[in-house]
Amino acid sequence: GVPCLCDSDGPSVRGNTLSGIIWLAGCPSGWHNCKKHGPTIGWCCKQ
């Protein structure tokens, strides 16, 4: 999947670990949405 920035990773992509994965159809079972706002397409989820 495509990595994305969770709210817990920090304010910006620069210098932070991207611990989330973008899912287009919502987070799969056992995962949770880790970003309150965005990304524009899909959900940023993490296990």
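Keep in mind that glycine also has a Cβ here, set from the backbone N, Cα and C atoms.
According to Swiss-Prot, the features are:
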type     : residues : note
DISULFID : C4-C44   : disulfide bond
DISULFID : C6-C34   : disulfide bond
DISULFID : C27-C45  : disulfide bond
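For C34 (disulfide bond), the same-chain residues lying six or more positions away in sequence with a CB closer than 8 A to its CB are C6, D7, S8, S19, G20, C44, C45, K46. Taking the Cβ of C27 (disulfide bond) as reference, residues of its chain lying under 8 Å away and at least six apart in sequence are, in sequence order, N33, W43, C45. Put plainly, the disulfide-bonded residues C4, C6, C44, C45 were compared by Cβ crowding within 10 Å, and the winner is C44. DSSP gives C44 (disulfide bond) a strand state.
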